[in-house]
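According to TrEMBL, the protein has these features:
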BINDING   A:ASP15, A:HIS16, A:GLY17, A:LYS18, A:SER19, A:THR20, A:ASN132, A:LYS133, A:ILE134, A:ASP135  GTP binding site
DOMAIN    A:3-185  domain 'Tr-type G'
Amino acid sequence: MQERIRNFSIIAHVDHGKSTLADRILQMTKAVSDREMREQFLDSLELERERGITIKASAVRLFYQSKAGETYIFNLIDTPGHVDFGYEVSRALAAVEGVLLVVDASQGVEAQTIANFYLAMEHEHTIIPVINKIDLPGAQPLEVALEVEEVLGIPADECIFASGKTGQGVDEILEAIVARIPAPKGHPEHPLQALIFDSIFDAYQGVIPYVRVMDGSIQPGDRIRIWSTGKVFEVDKVGVFRPGALEPVARLGPGEVGWITAAIREIGDAQVGDTITLAQNPCDAPYPGFQPAKPVVFAGLYPTDTQDYNRLREALEKLKLNDAALSFEPETSEALGFGFRCGFLGLLHAEIVQERLEREFDLDLISTAPSVIYRVKLTNGEEIEIHNPSELPNPDKIEAIYEPYVKLTVYTPEEYVGSIMQLLQEKRGKMGNMHYVGKRVEMVYEVPFGEILYDFHDRLKSLSRGYASMDYEQAGYQEGELVKVSILVNEEPVDALAFIAHKDKAYGIGREIVDKLAEVIPRQQFAVPIQAAIGGKIIARATVKALRKDVLAKCYGGDITRKKKLLEKQKEGKKRMKAIGKVDVPQEAFLAVLSAGRD
Amino acid sequence: MGGPALQHLYLHVPFCPTICPYCDFHVVRRYGDVVEAYLKRLAQEARGLFEQHPGPLTTLYLGGGTPSFLRSHELEALFRALPWNIEAAEVTLEANPGTLNPERLGLLRELGVNRISLGVQSFQDSVLKTLGRAHGRTGALRAVEMSLEAGFHTSIDLILGLPGQDVEADLAQATALGVEHVSAYTLQVEPGTPFALRGLAPDPDSEAQALALAQEVLGTAGLARYEVSNFARPGRESQHNLAYWRNAFWGGLGPGATGQLAGLEPHIFAVRYTNPPLPRWLQGEEPLLEQVGSLEHLKESLMLGLRLAQGVDLELLEQRSGLEVWPALEPAVRQLSSQGLLVVQQKRIRASDLNTLHPIILQLWDGLERQNPAPLEPRRLPGY
């Protein structure tokens, strides 16, 4: 049976049509009937569907009858397609033997194509290049195949031309999976070694880890041990993934992909990347490469209604179950009350977490502007980490501030190199190297992470008409001339609005933020001054004028219903605001820093 | 039918000679024998309401549209269609300056009308032209004089703060003529009207300025601001409109008219209904019903009552709704009063500034909703 298993993932640059191709494979292996077929079958989160991107890895088992007449088990593990989710991609890849590397036939190779390719290479995986979307008018499949050969070193004749949309070429892909991807190794008699590549939470069953059995086997009744925590659980059920359902089976053998229930209650006991083995007969070592996910961006999340604090904590705990990268700890803000400082993989991750909290848990939240982690050397020799700009000590206590840098790789057609260099200079980037691959250029820079956090990707896309793409990895800390800018609303400093900026940029950003705040804070019954300050020195100010009239001129019998609805709507709007002193401040205000200092 | 006797009646006359570009009321031009059909259906509707609510009425308001635009025999038929006793009532008729003459005024007098509300808008030709009105300065002046001479309590509508308007001159003209009631409206641009399409959105600062000016000029002439947009010599306030702002019950007749009657079941305090527009109303289509629970009624009472200079009597609301109003509102009332936004006298509250009511209303609503959570889901009643 083991030699009839094929485990594979699909990797691609975002928007290259990965999910559509996965859907088509599901349909052509009859895993889902045409009737059940809905677009992006694997993307089950409501949010994923809406945004058209895959956020979470997800798995499915398919049966495929090859042209030679043999039946194979395919385990398809879908991977996130965004640069924020690199660790999840790497764990998903650990669970398979081969990948379909999908490249858009009109866009060609992009930065994430390359990054994902190298990830797959590290795992020594078989790579099947698929040139996708060949049905589109702008498709240049042959050129792209040659580019794949030139840039990635995969012979062009290994490329399969396909369209997830029309289904063209998909049968060839299925045959290639059988022919080119090796069956999983591993021995049924060896001690159990199973890799957790994802997990979900179920109200009745607790944490359900998704595993790939590397060695040995697992069945109900087994006593298992979680490697990193050492905790022991008794397996209740094991099973596999069928489209839309978790299907119990008698056992999971080597090479198989499935799930386990074992009354696991704590999130920490099923972290992505961890290893499960048997309590009595453990394996020698865990599957290598486990690392607790490291958040790199921090933001405060606060309930708009202070009474929701406990609900927010419960919601975060549940989310963390299948989002190993999310971290959070309680935090108190003078302005916002009790909330949590949350760590994220990136801005998109932060946005998604907030949206999921609001949608799936029905919470109204205020989030503060995301910030990177600064390291500060104090005059007394002590070194501290700053997760929240408002925690930055007074300048006289600071010896030096260090900011995180990333190694940024931009991949672009050559005509945009000039303007991209200019953008990177503005972002305080230091050029590493640059080389030409055909008519494309790979530019490598060291850039302060905080500088590319907000709008860098958008600006890169817009100045290159969508052609340039990027990828980055953390690259240590460097000293910077940084200052804390405080924001005062109605003469009171608002800790949640403080930010850290390079001293040459602080004035400009401060100016823009107070202007932006004056724009988004609704007029109240009194004038509200908004100020930006460095230390005790005011560097910018603006005023929200007092609202002198809000009533409608006419309100007679026939207007009551409409007028009341109008007010009810205002009331709903107010719920999304936070009262700071006497001033109602809307969510946008806390994100004002995102849109400031950008040109 | 429970509740106190119906004292107030609104009657909608939808016909207009021209359609003003800022108007979002239900209006039509007259065509064919539509007025005849209208009068027939109106008589029917009036009889039905009268059987349930025999009055007598303390106020009757004929609004439009332009009721004065009806021909004399039509006006006679209209009053014949109303079975209520209106002898002691304030009977107001909305009129456009161009539609009045001494003869017509005499007839109105005979029919029982004792108050005329004139849609003057301005005494300046250029402003009237912008507004697309049929009359000019001369017509406006003449109409006011005629109405006063004929012995009607006379109110005029003025618009405030149109581009190019000399607001002070219009206000001074009104006081010079000796009218005893002025409705001074800042331009309210309703979505979908031609004004909205032209982007004529007023700015709150200049609106507040214009209202302050009106308060000063009219106040000096003895017309006090008794509601956000209404000014009157003491004792000459519109009794009919006061009924709306006090959230009383009233009947509504005619196409597009709204009425509010007492609810039939304990948890439904009131039922508000809106008649369909003219063509469907003529075909006898039922009105749209909205059931108002006690909590909602309270919220509306605050929203409306705070528009009045005299404010809202919370004790009265308690008696009417049977809900605990004061304990629910007290914390918010104390806070608003400490901020100088509300003036409290025993259980009566009033806003210190009639121009900015929304934050006050919302805070009071909050108090009510906290104290009286989860209002009963209103159920649909069989035909009302």
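The count begins at 1 with the first shown residue.
From the backbone N, Cα and C atoms, a Cβ is placed for every residue, glycine too.
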(message) When DSSP is mapped onto helix/strand/coil, what comes out for A:SER19 (GTP binding site)?
(response) helix
(message) Please give me the CB contact count at 10 A for A:ASN132 (GTP binding site), counting all chains in the structure.
(response) 32
(request) Rank the binding-site residues A:ASP15, A:SER19 by the number of other Cβ atoms within 10 Å of each Cβ, and give the residue at the low end. (result) A:ASP15
(request) Can you check how the pLDDT averages out over the domain 'Tr-type G' (A:3-185)? (result) 82
(request) Based on DSSP, name the secondary structure state of A:ASN132 (GTP binding site): helix, strand or coil. (result) strand
